[in-house]
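Sharing a structure below in structure tokens format, with a few things to ask.
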Amino acid sequence: MQKDASSSGFLPSFQHFATQAIHVGPEPEQWSSRAVVLPISLATTFKQDSPGQSSGFVYSRSGNPTRNCLEKAVAALDGAKHCLTFARGLAATTTITHLLKAGDEVICMDEVYGGTNRYFRRVASEFGLKISFVDCSKTKLLEAAITPQTKLVWIETPTNPTLKLADIKACAQIVHKHKDIILVVDNTFMSAYFQRPLALGADICMCSATKYMNGHSDVVMGLVSVTSDDLNERLRFLQNSLGAVPSPFDCYLCCRGLKTLQIRMEKHFRNGMAVARFLESNPRVEKVIYPGLPSHPQHELAKRQCTGCPGMVSFYIKGTLQHAQVFLKNIKLFALAESLGGYESLAELPAIMTHASVPEKDRATLGISDTLIRLSVGLEDEKDLLEDLGQALKAAHP
């Protein structure tokens, strides 16, 4: 059991997680060299034994030894039977929606990553899909939104950037009253270490591996994990047909990142909690949002559903947009940048940066105001992070 999580009342850590992260996938026995580090297979094509008879690989878009090792590793960490990798998180999203046809309806969480919102609102809707944005944290609203045409429900938990939670198990029970609806959970913020959506009833667990799963801000990638053989076959066909697969080198980097996922996430949790507590006690801060804090309205759900919390902390600085901008101008350790989940600490202003594509009216409804600041708390020394935040807050409010 993870010490920090268990002492805070969260679920115990998933058994054998670190061992699987290190050993599942690139087993040395599969290579003639017995290399203990995953080899990078850059070949685009593979020699066949006879016409139409291969030894497992034909063309790198359809399958690659390095990519296969990563997919095997992620499947184990997600508690899944299968995993598919994609060139981007949005490539994974696009591929999933190709399971549908024109006229089908998608229910999407009202608050999601800005790129997901933009894709559903401005791209998928142009191809005959009907998109409804619903607050799926309120299960009655989800149930009321389902129609005979609903074929996919997309939830993100915690949401980006206000860290609202959806009860995955409750959503799954509602969705699966209807046999032909697929429940997708975007698990980017939690990673496989803190949350396993498939075990809670989701049909598809997807995430942007760009963030915590890789953890080094040097790979852009999407992951999709499933337990259903049927879904795997359909998605595997689409993966090959659409061709949005990652490079072997990126697969190598991500597989390497997984080796330290456990120790990284534990440090993110410790630092995230320390930052959240510091901000909550600071008079220059209006409100702090962090599922690990008892003040979070869904703190109990977080403890039932997760083994801990990542380093994502959002807060409202007192004042106006100008105060937020002065704060962001004065941070030193926290880099002003989009993205999240790397070893380095980042800060951003969602209303102007990651969620600028969300309509202003929707941002106001969701609480994405000009004073909302999102932090991705990294792995630096806790004391240094708190000092940096403290001096930047003082600069914003002398």
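Quick reminder: no glycine exception, Cβ is built from N, Cα and C everywhere.
So Swiss-Prot lists the following for this protein:
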MOD_RES   SER50  phosphoserine
BINDING   ARG61, TYR113, ARG118, GLU338  substrate binding site
MOD_RES   LYS211  N6-(pyridoxal phosphate)lysine
For ARG118 (substrate binding site) and the residue listed as 'N6-(pyridoxal phosphate)lysine', determine the Cα separation and express it in whole Å.
19
So which of the recorded positions is most packed in, judged by how many other Cβ atoms lie within 10 Å of its Cβ, out of LYS211, GLU338?
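Answer returned by the neighbour count: LYS211.
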Please give the maximum pairwise Cα distance, in Å and rounded to a whole number, for the substrate-binding set ARG61, TYR113, ARG118, GLU338.
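Largest Cα to Cα distance for the substrate-binding set is 30 Å.
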What does DSSP say about LYS211 (N6-(pyridoxal phosphate)lysine): helix, strand or coil?
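For LYS211 (N6-(pyridoxal phosphate)lysine) - judged by DSSP and reduced to three states - the answer is coil.
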Taking DSSP as the reference, which of helix, strand or coil describes ARG118 (substrate binding site)?
helix
Between the Cα atoms of the residue listed as 'phosphoserine' and ARG61 (substrate binding site), find the distance and write it as a whole number of Å.
20
May I ask for the distance between TYR113 (substrate binding site) and LYS211 (N6-(pyridoxal phosphate)lysine), taken between their Cα atoms and rounded to an integer number of Å?
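Distance between the two Cα atoms comes out at 13 Å.
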What number of additional C-beta atoms lies within 10 angstroms of the C-beta atom of ARG118 (substrate binding site)?
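The answer is 17.
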Where's the emptiest Cβ shell within 10 Å among the recorded positions SER50, ARG61, TYR113?
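Minimum Cβ neighbour count within 10 Å, taken over the recorded positions SER50, ARG61, TYR113, occurs at SER50.
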DSSP three-state call for SER50 (phosphoserine): helix, strand or coil?
strand
For ARG61 (substrate binding site) and LYS211 (N6-(pyridoxal phosphate)lysine), determine the Cα separation and express it in whole Å.
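The separation of the Cα atoms works out to 24 Å.
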